[in-house]
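Here the structure comes first, spelled out in structure tokens, and everything after it is commentary.
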Amino acid sequence: MSSDNNNDPFDLNEDGHDYFNRVSTTTSPNRQSINSSPKQSSPKSTNNNDDKNNIILDLNDNNNDNNNTNNYNDEDIDVDNKNKFENKDNTYNSNGGSNNKNKNKKKDNKSNNSSDNEEADENTSLISDSEPLLNKKEKDDEQIEIENLDGEDYDDEVSLQDFSSMIVSIIIPVSITMMAVVFFVKYLNNQTLYASTLSYTIAGGSSGGGSGADSITGNSFVDSLIVAGIVLGMIIVTTVAFVLLYKYRCLKILYGWLFLSVGMMLGSFGTTFFQAMLSAANLPLDYITFAFLIFNFTVCGIIGVFWYAHQYVNQLYLVIISVLMAISLTRLPQWTIFTLLVIVAIYDLFAVLCPRGPLKVLVELSQERNENIPALVYETGKGSDSNLKLGLGDFIFYSLLISRAALVHMSCVFSTFIAILTGLFLTLLCLAIFKKALPALPISIFLGILFYYLSNNFLTPFIEALTLSQIFV
């Protein structure tokens, strides 16, 4: 029995599963001693042995099946991984993959293939596959270059198309300013109060600002030169001081100066203007309410010009400042006004076009620093490509010239108005051609003075003669 126990198949199976030990550990020691006692073989024991053998065979078969299924699964996983890697390699090669993977593939092909002809065929096939990719890339690059060229041409076309809108955007505020000045000058010139406000500059002349022949300073060319020289000297000094402050970055002083100047213009000139308008319209108003309105008007103007405000509010206050300044300068004598306009137009040429002119230096400094100039400048569109800037002095002197024409005859007003707009259009055309800062005063002022002279000496007498003769054209 000992030999039978040694050859007992319940000891270990082929896969190392100790089935017999697991069975024996569940039995008690008494059971083990009983089994270890010698007994005769019986058919039941043989049947039990057969059952045990069948169980062992079934377990072995199950283990073999599990191993086979595991092997099949591993082979499937390997095949799937290979397919994935091959797909990745194919996609990588189709998109212009790295040369290292291609080299490894070539080495594997060379090691597997025995003939040199097959290697040559593979190399030629790789070259033939890579050539269309290069041709496609070259074609794509050519298409991109053509599209870029088309884009540049399109930008140029758009800039030319926007030129008309740019002209309209700057002509509209200039026209509004001039028409407002003409309206208020004509309205206030018919009132006796406005004539009394001009008495401090006119001695014995008419209420139109020295157009009569008896005025002391109006017909004196020397006196007009002196007054115009004083005004021009003030303009030069303030411009040079402005450039120096901006050059040395004294921005706090510069903004304080601008705040004070705008407050003075809106406060003093606004007070005089509104008093004249209230008196002309015969509207009573107490001093407290008037002071409150002027204070709010001035503070809102400073905030609207230099602080955060809507673009239309900013533009509105710039137009109001131009109107107030032009109306206040209209009280100067006739010869003084024309002398001042000519001298300022010539100075504008020097200041903008001269290599060391103050305005040219100011523009160059702002371009170098990529900063906006803190000045009273009218902008058509902030932050846009079609942004035009026109100084507030240009608005003032345009309006001053047409206000002087309004004191003579309406025919002078229309002719001067058309001349000023024509000069402004020519200036903007030169700006589009030369693409640099240009003076806006010379062409418009000289054309305006020329048309004013022709209208005053030829057109106005002709219209008056036709009116007296009752001939209407």
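Just so you know, glycine gets a Cβ as well, placed from its N, Cα and C.
Residue annotated by Swiss-Prot as N-linked glycosylation site (from the set Asn123, Asn190): Asn190. Relative to the membrane, Lys360 and Gln470 are annotated in Swiss-Prot as lying on a common side. Within the topological domain 'Cytoplasmic' (435-442), the DSSP-based counts of helix, strand and coil residues read 1 helix, 0 strand, 7 coil. Proximity of Asp394 (active site) to non-local residues of its own chain (separation of 6 or more, Cβ distance below 8 Å) is seen for Ala440, Leu441, Ser444, given in sequence order. The transmembrane segment (165-185) shares more Cβ pairs under 8 Å with 390-410 than with any other stretch in the list 253-273, 390-410, 414-434. Sequence-distant contacts of the topological domain 'Cytoplasmic' (246-252) (same chain, at least 6 residues past either end, Cβ-Cβ under 8 Å): 361-362, 365-366, 373-374. At the 8 Å Cβ cutoff, the transmembrane segment (225-245) and the transmembrane segment (335-355) share at least 3 close pairs (sequence separation 6 or more) and count as touching. In the structure as shown, the Cβ atom of Asp348 (active site) sits within 10 Å of 23 other Cβ atoms. Between the transmembrane segment (335-355) and the stretches 287-307, 309-329, 390-410, Cβ pairs under 8 Å are most numerous for 390-410.
Residues of the same chain that lie 6 or more positions beyond the ends of the topological domain 'Cytoplasmic' (464-473) place no CB under 8 Å from a CB of it.
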